[in-house]
Amino acid sequence: MPGLALLGLTALLGLTALLDHGEGATSCLSQQLRMQGDYVLGGLFPLGSAEGTGLGDGLQPNATVCTRFSSLGLLWALAVKMAVEEINNGSALLPGLHLGYDLFDTCSEPMVAMKPSLVFMAKAGSCSIAAYCNYTQYQPRVLAVIGPHSSELALVTGKFFSFFLVPQVSYGASTDRLSNREIFPSFFRTVPSDQVQVAAMVELLEELGWNWVAAVGSDDEYGRQGLSLFSGLASARGICIAHEGLVPLPPGSLRLGALQGLLRQVNQSSVQVVVLFSSAHAARTLFSYSIRCKLSPKVWVASEAWLTSDLVMTLPGMPGVGTVLGFLQQGAPMPEFPSYVRTRLALAADPAFCASLDAEQPGLEEHVVGPRCPQCDHVTLENLSAGLLHHQTFAAYAAVYGVAQALHNTLRCNASGCPRREPVRPWQLLENMYNVSFRARGLALQFDASGNVNVDYDLKLWVWQDPTPELRTVGTFKGRLELWRSQMCWHTPGKQQPVSQCSRQCKEGQVRRVKGFHSCCYNCVDCKAGSYQRNPDDLLCTQCDQDQWSPDRSTRCFARKPMFLAWGEPAVLLLLALLALALGLALAALGLFLWHSDSPLVQASGGPRACFGLACLGLVCLSVLLFPGQPGPASCLAQQPLFHLPLTGCLSTFFLQAAEIFVGSELPPSWAEKMRGRLRGPWAWLVVLLAMLAEAALCAWYLVAFPPEVVTDWRVLPTEALVHCHVHSWISFGLVHATNAMLAFLCFLGTFLVQSRPGRYNGARGLTFAMLAYFITWISFVPLFANVHVAYQPAVQMGTILLCALGILATFHLPKCYLLLQRPELNTPEFFLEDNARAQGSSWGQGRGESGQKQVTPDPVTSPQ
């Protein structure tokens with residue numbers, strides 16, 4: 001293309017002229033900050049800065065003198081110029097149209113920034129703002145504004161431009177207040193909100209285990225808002241701020257004494273990490289004092305505003321402050337930008353080119369806003385080389401493409417051109433700025449509902465080199481932090497990652513007991529059994545569910561296993577052996593009694609009733625089989641009835657025999673004979689039946705009124721769930737024993753004081769000892785059952801039943817078995833039947849005399865008296 005060839009030749013000649021002029025040569029670079037077009041974009045850039053800041057020092061509204069030069073501000077302005085020229089030279093966005101630009105210096109001062117802002121809002125073709133009731137048809141000099149760079153300035157200009165609904169796109173203002181659409185409806189930016197940067201900072205602190213930090217901000221809108229956001233989010237995430245303060249502005253402020261006190265507190269505490277959310281000027285002030293006070297090396301988490309600032313990087317003594325980390329927004333590479341800057345400088349040094357600018361752009365209105373950028377006309381490539389790759393350059397560049405895309409949509413441009421129509425007014429452009437998607441250098445961007453863009457961050461680390469540190473990428477933040485630990489290095493003693501915690505991390509199974517006002521200062525307390533530590537930051541132990549358990553210092557709960565009196569337990573096996581013994585003895589005695597059923601001994605013991613009592617005693621022994629194993633509803637209901645009814649049957653036979661002995665010894669002979677006849681006849685079985693019916697009625701009442709049920713007790717055992725039969729009323733449980741206790745008591749009363757005749761079998765003694773065995777076992781049962789662990793209560797009841805049965809067998813039945821087996825010569829009517837033998841002596845004698853052999857003894861119960 002001949003135009004590009006001519007431009008390249010001109011740039012080459014200009015570059016030669018620039019080298020010939022040297023460093024002190026004057027150029028016309030400031031004149032390149034303005035270009036006419038169909039639509040003009042205003043620009044606010046920090047091309048310089050003033051020595052004294054603030055309005056309090058002046059008594060008159062005089063002009064602020066900007067003496068310092070900012071190379072970054074000029075580079076951002078040149079990036080906007082480059083973007084406009086690319087759009088004008090291309091046909092993708094605004095074919096047939098030319099954008100213009102009008103770029104001014106803000107001097108980093110709100111008062112200075114307002115002057116060009118007023119010029120921007122002047123009516124097209126004039127230098128003043130007309131007063132109207134309705135500005136709908138008002139056409140200002142600019143269609144949109146790019147800038148300013150700082151939050152402090154954007155808060156001032158943002159309200160001003162929002163009144164006219166003029167779109168404003170900042171390339172550096174990040175305070176979250178600017179996202180408020182109620183106050184700043186026309187504000188947009190190509191940098192993320194501070195809220196995103198703060199979230200990245202907090203996640204970095206969490207990832208590195210730093211929860212005891214100091215937080216410092218600059219005493220301006222950017223620092224105060226950022227510090228407020230950080231404090232709120234850090235507290236919500238369990239990060240404690242040990243010290244907090246503001247760096248006063250300007251540097252000569254009388255409040256710097258408070259800053260020195262803050263630095264001394266940080267130096268004397270265990271804080272090893274300082275979050276510094278401030279402007280570059282405030283950061284330089286802080287580090288100047290920290291170097292002077294010889295603050296020990298710390299880790300400085302930097303905000304984006306000062307992380308790449310030459311004001312801070314070039315401060316003498318900075319390598320001794322420690323490690324500096326911070327987040328920078330990502331952007332698309334701009335490899336052509338350094339070449340473009342060199343070309344602009346070369347052209348600015350060309351007198352012919354400068355003369356052409358004077359002819360094309362007469363009257364720069366310097367009488368209104370002052371010199372546009374006098375320092376720019378003395379700049380050299382060496383002055384700008386350090387900031388050529390600054391990350392914010394792309395943000396300024398992308399801002400132009402965002403406005404151009406919205407204008408493209410407003411004009412409904414296509415490949416052939418943009419349809420002619422009335423000039424677009426700022427408020428019409430604003431309608432198409434909301435949620436607009438655009439591309440800059442291949443990177444897709446979009447303004448969201450709050451005017452922010454979705455740009456990710458790189459985590460940068462200062463690696464100290466001479467003269468300024470190198471920025472090394474050690475991680476990224478794309479909604480979540482990704483840290484590259486292998487790339488990190490620590491400028492601290494020992495080159496080890498510093499620890500910044502008020503208290504050590506609690507061990508597993510411990511929770512924090514906060515001491516003082518900071519949640520990060522705490523004592524570690526063990527979680528007791530039955531509770532556990534759910535999360536490392538828990539302040540209280542979490543109780544396990546009732547079906548779970550945990551040991552001391554646990555981090556989880558375990559399921560409780562059901563526990564009951566299992567068949568395989570040693571105690572149960574011992575009781576089963578005892579059962580076998582008792583049942584074996586009862587069956588052996590029953591068999592022996594049946595074999596000798598007609599003998600005087602068996603007849604004296606009750607005959608069939610004695611066999612019935614032994615059978616019931618065997619059933620009593622078998623009832624213990626209902627206690628082992630997992631309890632069920634049926635087994636719980638059957639335990640007491642199946643034990644008490646057989647025992648009642650056994651004791652009722654004893655009662656009849658005791659009554660017979662009592663009658664024979666205590667009543668007159670005539671009455672005794674009558675009563676014996678009744679006690680030995682069919683009426684005796686009626687007594688047994690009535691006793692068992694009475695016990696059955698008690699058992700039925702017990703099961704209906706207070707039915708035992710299967711319950712699972714979760715707390716009685718430390719690691720298991722006890723499954724057992726629960727007794728609702730111990731009074732009713734005792735009343736079920738009433739029938740048996742009464743029978744045993746009557747037996748004892750009827751036999752205790754009875755005297756046997758010499759040479760006769762003492763049947764009363766066996767009954768007395770049998771009842772004593774009953775009472776001893778069941779009286780011992782009460783305190784033992786009440787004090788033993790509930791898990792072993794079924795075993796206690798089993799043992800009591802078996803001991804009771806064995807006691808009855810040992811005191812009443814086994815002595816008779818001994819006589820049957822070892823002393824058969826005593827098994828005679830004279831020894832056992834007493835009065836019956838005397839009453840029927842002739843019958844016994846005749847029977848034995850006639851046959852000469854032993855005769856069958858008649859049943860004393862059924863034989864005639």
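Using N, Cα and C of the backbone, Cβ positions are placed for all residues, glycine too.
The annotation compositional bias 'Polar residues' is assigned in Swiss-Prot to 852-865. Per Swiss-Prot, N-linked glycosylation site is recorded for Asn134, Asn267. For 840-865, the entry in Swiss-Prot reads region 'Disordered'. The signal peptide feature in Swiss-Prot is assigned to 1-24. If you look up Swiss-Prot, you'll see 25-573, 628-642, 707-732, 787-794 marked as topological domain 'Extracellular'. Summarising the annotation, Swiss-Prot assigns topological domain 'Cytoplasmic' to 595-606, 664-685, 754-765, 816-865. Residues or ranges marked as transmembrane segment in Swiss-Prot: 574-594, 607-627, 643-663, 686-706, 733-753, 766-786, 795-815.
With respect to Cβ pairs under 8 Å, the transmembrane segment (643-663) is most closely packed against 607-627, considering the stretches 607-627, 686-706, 766-786. Using a Cβ-Cβ cut-off under 8 Å and counting only residues 6 or more beyond its ends in the same chain, the topological domain 'Extracellular' (628-642) has close neighbours at 562, 564-567, 572, 575, 619, 696, 699, 702-703, 707-710, 723-725, 733, 736, 794, 798. Over the topological domain 'Cytoplasmic' (816-865), the average per-residue pLDDT in this prediction is 50. In the topological domain 'Extracellular' (707-732), the DSSP tally of helix, strand and coil residues is 3 helix, 12 strand, 11 coil.
Non-local neighbours of the topological domain 'Extracellular' (787-794) in the same chain are 563, 565, 571, 627-628, 713, 716-717, 722, 724-725; each lies 6+ residues outside the stretch with a CB under 8 Å from one of its CB atoms. Taking H, G and I as helix, E and B as strand and the rest as coil, DSSP gives the topological domain 'Extracellular' (787-794) the counts 6 helix, 0 strand, 2 coil. Counting same-chain residues at least six beyond the ends of the topological domain 'Extracellular' (707-732), those with a Cβ under 8 angstroms from any Cβ of the stretch are 529-530, 546-547, 549, 558, 560-564, 630-633, 635-637, 639-640, 701, 789-791, 793-794.
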